[in-house]
Ligand SMILES: [Ca+2]
Ligand SMILES: [Ca+2]
Ligand SMILES: [Ca+2]
Ligand SMILES: [Ca+2]
């Protein structure tokens with residue numbers, strides 16, 4: 001006789017019925033679950049000592065046995081043949097219950113029975129004693145399904161950011177706070193406002209230096225300390241760089257971007273130029289160089305991850321492509337959506353937006369619950385963290401989760417994985433557009449919502465992309481009048497296969513266009529880039545409040561919307577002038593096209609998409625599977641600090657080109673099994689990144705105003 005399922009199960013008993021308690025089928029005729037009707041202590045799992053082959057239907061036998069014991073038969077337990085759940089009536093007395101047990105014990109057809117008791121099973125990591133955790137909807141949204149970052153399953157698998165350090169570049173962090181202290185990293189911290197190692201915020205008359213502490217709590221607030229909240233990456237360490245509490249200069253910014261860059265893995269920057277709808281500004285020369293140096297030499301050469309907020313100028317028609325931090329290819333540009341997944345009034349849109357995550361919304365929609373400082377009126381906890389300021393640290397925390405499972409992800413791998421995994425959803429306003437590589441992007445939402453589960457599972461199986469290559473067109477002098485809307489002025493540039501041969505570029509990442517436009521009211525101009533596939537990007541949005549008469553002087557606009565597409569083909573730039581009256585004549589003086597990408601073929605892009613989707617079941621996260629990681633470069637922990645800013649400037653100006661060239665060369669050789677086609681050859685139209693415009697060091701420093709990015713209706 002074959003070894004039947006029931007024999008096999010009998011060997012495993014008694015644990016199985018207990019484990020499967022929750023899979024009991026509802027018994028027809030009994031309401032299920034009737035409150036109090038069949039609860040532990042009143043229920044028995046029973047295995048009958050007969051089988052269907054004995055000539056009696058097991059269901060009938062079970063019914064008879066249950067009646068003899070004075071119990072109700074609730075039917076077969078799950079898929080376990082011969083196993084039934086019996087229950088005592090809702091209001092039975094203890095002595096009646098024990099009598100039933102005696103009947104079962106003595107019954108000849110009962111092979112085994114067990115009175116069920118509640119099992120002590122904690123929902124792993126899901127239950128915290130932190131009093132505000134239940135209100136952290138962005139982590140677990142019970143009201144609006146799917147409107148959270150989908151992180152709890154990652155935590156259950158012990159992915160909490162362990163081994164990763166995130167630094168909050170802001171107005172300081174109160175690291176003595178209960179929720180911050182356990183994960184605080186003094187090694188990654190610094191105070192550039194007071195020039196000391198301690199980034200403790202200074203209370204000021206406006207009481208608003210709580211910003212960095214709130215961001216730090218979102219990332220790494222300690223769990224299960226009966227205090228406030230839980231961070232996205234509560235196993236990570238969090239550092240603070242205090243830089244926003246005072247005048248900020250280009251050199252301070254440059255120091256901040258590379259501070260302790262072998263300790264700090266992720267830089268969370270919730271600030272930027274003014275969001276007034278008429279500013280065009282970004283990192284100045286040293287800041288630019290520092291960003292580039294960070295991605296080349298930070299994290300032992302894998303590259304610092306710079307996460308920046310897209311800005312809060314939505315109500316001013318601001319667009320993050322006028323923000324050079326967002327626009328930079330070196331940054332992960334993160335926008336905000338509200339609890340409904342809609343763009344809140346303050347959020348900005350742009351073609352270089354990589355993805356969005358949650359923050360505050362209009363009206364009654366909830367804000368972000370996080371740690372707060374306890375200085376001044378602070379309680380150490382807030383339910384009112386708002387704006388794209390609150391979104392960027394959530395993204396930084398999610399990157400920390402990715403880096404735990406795959407520490408050798410490069411700065412570009414992180415951007416790729418976001419593009420491959422961000423989730424789309426129904427939103428009439430979003431205007432999702434699919435590019436020819438199958439990536440869907442919205443100027444409002446980037447590639448979609450960051451999803452921690454998808455990010456981490458993709459990270460686990462992600463092999464580093466080939467090294468970065470770029471292509472630059474010559475400067476294209478046009479001197480062409482810009483037509484009035486709805487007419488457009490179009491200029492084109494054809495990138496041929498021969499143009500791409502030396503760099504080996506096949507598919508695109510960022511596409512940038514440096515534009516010089518003369519216009520007496522530049523906000524009237526709208527600039528659209530069309531990639532060879534036909535994918536359109538509004539790289540320069542029309543901004544009615546920008547009345548600046550100086551036009552754009554070689555401003556670099558970027559888009560991520562052509563990600564993964566073939567690089568070869570004709571690129572078009574279309575300009576139109578939303579002028580009132582006939583007098584505002586604008587001119588496109590010149591432009592230059594810059595493509596960034598790699599030798600990854602179009603087919604490889606599609607293959608990676610499949611690999612990523614195949615990993616979404618969590619099977620690689622569950623197993624001991626791991627891809628090999630190269631060790632990284634041995635880079636001195638701090639190549640700039642503690643130099644003075646003057647020495648820093650000189651060093652950067654004089655030495656950076658050589659330094660970067662050598663570092664990047666090393667990086668390519670060491671990490672990416674260099675393909676010699678892309679190296680050491682320079683000619684018009686072809687370059688690796690160290691030669692690009694990004695390194696042009698032009699006008700010198702001016703103190704800049706950098707505003708923390710917060711919602712207008714911030715509670716404090
Ligand atoms: Ca200090
Ligand atoms: Ca806590
Ligand atoms: Ca802005
Ligand atoms: Ca960016």
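Glycine too: its Cβ is placed from the backbone N, Cα and C atoms.
Just so it is clear, the model here is predicted, and its values are computed rather than measured.
The Cβ neighbour count for residue 170 (active site, charge relay system), using a 10 Å radius and every protein chain shown, is 30. In the three-state DSSP assignment, the secondary structure recorded for residue 170 (active site, charge relay system) is strand. TrEMBL lists 170 (among others) with the feature active site, charge relay system.
Cβ neighbours within 10 Å of residue 211 (active site, charge relay system), excluding its own Cβ and spanning all shown chains: 29. The active site, charge relay system annotation in TrEMBL covers 211 (among others).
According to TrEMBL, the active site, charge relay system annotation covers 389 (among others). The Cβ neighbour count for residue 389 (active site, charge relay system), using a 10 Å radius over every protein chain in view, is 31.
Among the features that TrEMBL reports, compositional bias 'Polar residues' is placed at 178-196.
Annotated compositional bias 'Basic and acidic residues' per TrEMBL: 199-211, in sequence order.
Here the domain 'P/Homo B' (464-601) returns a mean pLDDT of 96 for the predicted model. Among the features that TrEMBL reports, domain 'P/Homo B' is placed at 464-601.
For 178-212, the entry in TrEMBL reads region 'Disordered'.
According to TrEMBL, the signal peptide annotation covers 1-31.
Under the heading transmembrane segment, TrEMBL lists 651-674.
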Handout entry: Chain residues in Cβ proximity to the region 'Disordered' (178-212) (below 8 Å; excluding those fewer than six residues from its ends, i.e. six or more beyond)
Key = 165, 167-168, 170-172, 220-222, 225, 227-229, 231, 234-246, 252, 255-256, 259-260, 263-264, 270, 371-373, 375-378, 380-382, 389, 641, 708, 710, 716
Completion exercise
If you measure between the CA atoms of residue 389 (active site, charge relay system) and residue 170 (active site, charge relay system) and round to the nearest Å, you get 10
Problem - Distance [Cα-Cα, Å, rounded] between residue 211 (active site, charge relay system) and residue 170 (active site, charge relay system) - result: 7
